[in-house]
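Taking it in order: structure first as structure tokens, then the write-up.
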Amino acid sequence: MQFVALLAALGAPLALAASIPAAHNNSSIIDVKLAATGNSMIKAIITNNGDRTLNLLKFNTIMDEHPTRKVKVYQDGAEVQFTGMLPRYKMSDLTPDFFVNLGPKASVEHSFDLAATHDLSRGGKITVSANGVVPTAEENETTITGHTHYESNELTMDVDGKEAAAVEQSMGGDSPAGVIDKRSNIVTSSCRGNQLQMLKTALANSARLSKAAASAAQRNPRKFQEYFKTTDSSTVQKVVSRFMSVARESTSTGKTTYYCNDTRDGCKPGVLAYTLPSKNQVFNCPSYYKLPALNNRCHGQDMATTTLHELTHNPAVVTPFCEDLGYGYDRVSRLPASKAVQNADTYSLFANAVYLGC
């Protein structure tokens, strides 16, 4: 597992990168081992192999406490359907409870049930593995100064399908249908106060930014290379098609259903909005409405790009749907082309950069 040193904190504008000290080089610092502890139960053991204490941000990692995509599960060479949530987290004003403080050579365990976020009712042999990136801060600090990669062992399990099917799905059941705006597919009965108008504005801005980003992807190869790490024509066309799909979904009735508020208890602290890709549903959280409609800061979060980000998580809009492989400009700018094109934040940051001329 290799560590990638960063020059700036998550979300910081490119112009500031040169003024921020480089992060520590923590080569091979985090080790992750997976072990089966039950029919579909997994225990992840995360070890700090370094010689100094690290603060590890839990968001979208193996340590995430929410029903997120912590591992990849395969059966007979095909990926098992993920039924959990893909959240967008607020990356500013991070608090200590979002981190795991891990001393030198120390370990922490995190257990979760695969059957709560995957359809394992078929039963049989599956293979499970995890890989990703953990944003890191210094001991007792919450400012992101680096990232460390991790890649686990590959675990083989023989699952009892009936026992797995009896496990309650974390995000299972049907969301209340409510009253739906036929033009936007917003569940208007889920909206309070001026939330409906704020969401409609965000969708309109998402469409505008997506169309501009699609145009820039074809006309500005230098900017495209900066974010997507290639100017290959097939990748350009894929990105253009995806931006235009987001634009269409933002302006007319599509296959996603958008809720102004949470109906599934997914809006935990730090979550701006989240998507259930297995259902093509998007839910806003209270913190979403505290964001600006459009941010005037390069790579800053706002309602428009959060909506754009979440729409790329929906397979009805983007196939295969985008994941959360890296957050913020500094991490996004270091993703290889194969991952950049599948990373939701790459699309939202590129759209923001085109809009502001970053």
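Placement of Cβ uses the backbone N, Cα and C atoms for every residue, glycine included.
Between CYS267 and the candidates CYS285, CYS298, Swiss-Prot records a disulfide bond only with CYS285. Among the candidates CYS191, CYS358, the disulfide partner that Swiss-Prot records for CYS260 is CYS191. There are 29 other Cβ atoms within 10 Å of the Cβ belonging to GLU310 (active site). Neighbour list (HIS309 (Zn(2+) binding site), Cβ cut-off 8 Å, at least 6 residues apart, same chain): ARG88, ALA273, ALA344, ASP345, TYR347, SER348. The Cβ of CYS260 (disulfide bond) lies under 8 Å from the Cβ of ILE186, VAL187, THR188, SER190, CYS191, ARG192, GLN195, LEU196, LEU199, ASN284, each of which sits 6+ residues away along the same chain. For the Zn(2+) site, the Cβ centre of HIS309, HIS313, ASP324 serves as reference, and the other residues of the chain with Cβ at most 8 Å from it are LEU86, PRO87, ARG88, THR275, GLU310, THR312, CYS322, GLU323, ALA344, ASP345, SER348. Comparing CA positions across the recorded positions CYS267, CYS285, ASP324, the one lying closest to GLU310 (active site) turns out to be ASP324. A C-beta separation below 8 Å, combined with a sequence spacing of at least six in one chain, links CYS285 (disulfide bond) to ASN261, ASP262, GLY266, CYS267, VAL271, LEU272, ALA273, TYR274.
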